[in-house]
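The next block holds one structure in the form of structure tokens; read it before the comments.
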Amino acid sequence: MKEVVYVLLLVLLVSVSDANETKPNIENFLRCLRNRTNPKNPIAEAIYTHENSTFASSYVSYTNNKRCLNPNDTKLIAIVAAKHESHVQATVVCAKSNGIQIRIRSGGHDYEGLSFTSSVPFVILDMHDLRSITIDVFRKQAWVDAGATMGELYTKIAAASKTLAFAGGVCPTLGAGGHISGGGYGNLIRKYGISVDHVVDARIVDVNGNILTGATLGRDLLWAIRGGGGASFGVILSWKINLVDVPKTVTVFKVNKTLEQGVTDVLYKWQLVSSKLPQDLFLRAMPKPVNGVVPSEKTIAVVFYAQFLGSARRLMAIMNKNLPELGLKREDCYEMSWINTTTFWQNYPVGTSTSVLLDRPSGPAGAFYKSKSDYVKKPIPKEEMEKIWKAMLKFNNMWMQWNPYGGVMDKIPADATAFPHRKGNLFKIQYFALWTDANATYANLGLMRDIYHEMEPYVSSNPREAFLNYRDIDVGSNPSGETNLEEAKIYGSKYFLGNFKRLMEVKAKYDPENFFRFEQSIPPASAM
């Protein structure tokens with residue numbers, strides 16, 4: 001009996017000790033933040049804890065996937081909405097010294113919520129207030145802070161020049177920090193490549209709280225954060241980017257065709273020609289289930305979106321020669337400036353003011369979603385497409401985006417940056433399912449895995465490649481506080497192919513103790 005009482009007392013003492021250890025860590029962390037920052041740049045107003053009435057709203061404001069939200073997460077210690085670079089430095093140093101993990105959030109477009117969730121004690125380092133943009137028209141360059149959105153960047157570029165642009169994504173609310181570090185895919189890809197192909201310098205806070213840039217950054221680290229994801233190596237503060245030339249007149253179109261209108265034949269032909277078209281032309285195909293002629297019956301429609309760096313007359317000639325099956329008409333085409341195409345890609349009516357590019361999220365995410373990705377090396381047989389359509393028709397709301405490669409992407413070596421998906425790809429697929437009822441989550445996740453399995457014979461293999469910016473936990477993951485090298489090799493080989501080993505070597509040099517880690521981070525080579 002005495003032994004039982006002793007054991008119970010011991011358990012109680014350990015429990016009390018654990019509870020008391022957690023609280024001092026929080027207090028020590030907050031005290032450290034105040035001590036590590038200059039009073040001229042006070043950090044107090046940047047810190048949100050569970051005691052703040054605005055804590056929950058701060059947490060959800062920059063998270064766009066309701067599936068990943070957990071406002072009552074007891075592991076979340078604080079949110080630091082940095083307003084000065086020194087706040088970032090202090091957060092890194094203080095989190096490390098107190099054994100607290102960091103999640104870095106810029107635009108909140110993390111498809112699996114890895115930038116704002118964790119199963120171990122953590123803080124969110126929110127970058128959205130660091131949003132300065134400086135344009136140098138003469139040098140055709142810009143500095144853009146990690147918290148600036150792509151819409152803000154595009155607006156600033158257009159205000160400075162009508163014939164300059166940046167090769168980035170079409171979504172205006174993407175944060176520059178995460179979007180660029182994961183690759184940065186957009187509709188200028190065939191002409192100019194992806195975002196990381198135009199990064200020439202960066203400012204990054206390392207594991208010791210130092211700001212590395214220029215000569216101190218190191219060519220190996222600059223290589224790694226261009227496509228390897230910055231959050232494995234430090235905190236991206238800003239990027240120095242090269243801008244690209246665009247003509248004063250750019251032409252866009254959007255054409256829909258259904259199964260009943262023979263879209264399967266058109267899409268098969270699209271596979272044969274889309275990566276071989278002139279590199280000034282980007283022609284996306286977007287299959288999705290829609291209501292048929294009879295409302296109770298669904299069919300498949302494919303929306304063909306195009307952007308051409310030139311006139312409608314030249315575009316019509318190219319399309320009539322290469323894809324007459326689409327039946328493009330002159331009235332389908334709209335000529336406009338490059339900046340105005342950015343609203344077109346967001347499905348705004350033609351002529352919508354580009355001021356919408358400056359809109360930022362003001363509340364919690366309204367929908368749940370799941371995304372996956374694939375790379376296609378050879379055309380999917382026409383007779384096999386029926387299987388794909390059947391799998392898609394099981395969803396209430398999903399679509400694919402078939403994004404063409406070719407052009408300059410065939411000329412950039414796979415190891416030029418950490419982003420490896422270059423020559424040999426016809427197109428990249430994004431799968432996207434959207435729903436609003438939490439009770440439908442299980443079913444939709446199952447359907448996404450089903451269609452991903454259905455597509456296996458038609459996509460890359462050994463490994464089955466994946467795009468880092470379309471974060472997908474299904475391709476492999478580690479627990480928040482651990483790093484299993486064998487598991488890391490699984491997702492690392494899919495995201496980075498032959499570049500994964502070099503990424504681990506860079507990681508070992510700049511973060512040997514693996515402080516910057518999360519479920520799909522890059523482990524140091526020393527873990528081998």
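Count begins at 1; order follows the chain as displayed.
In case you wondered, yes, glycine gets a Cβ from its N, Cα and C as well.
According to Swiss-Prot, the cysteine that forms a disulfide bond with CYS94, out of CYS32, CYS171, is CYS32. The average pLDDT for the domain 'FAD-binding PCMH-type' (69-246) in the predicted structure is 96. Minimal Cβ crowding within 10 Å, among the disulfide-bonded residues CYS32, CYS94, is found at CYS32. Looking only at the glycosylation sites ASN72, ASN256, ASN340, ASN439, the densest Cβ neighbourhood within 10 Å occurs at ASN340. Counting only the Cα atoms, the space from ASN439 (N-linked glycosylation site) to CYS32 (disulfide bond) is about 42 angstrom. Comparing CA positions across the recorded positions ASN35, ASN52, ASN72, CYS94, ASN340, the one lying closest to ASN256 (N-linked glycosylation site) turns out to be ASN340.
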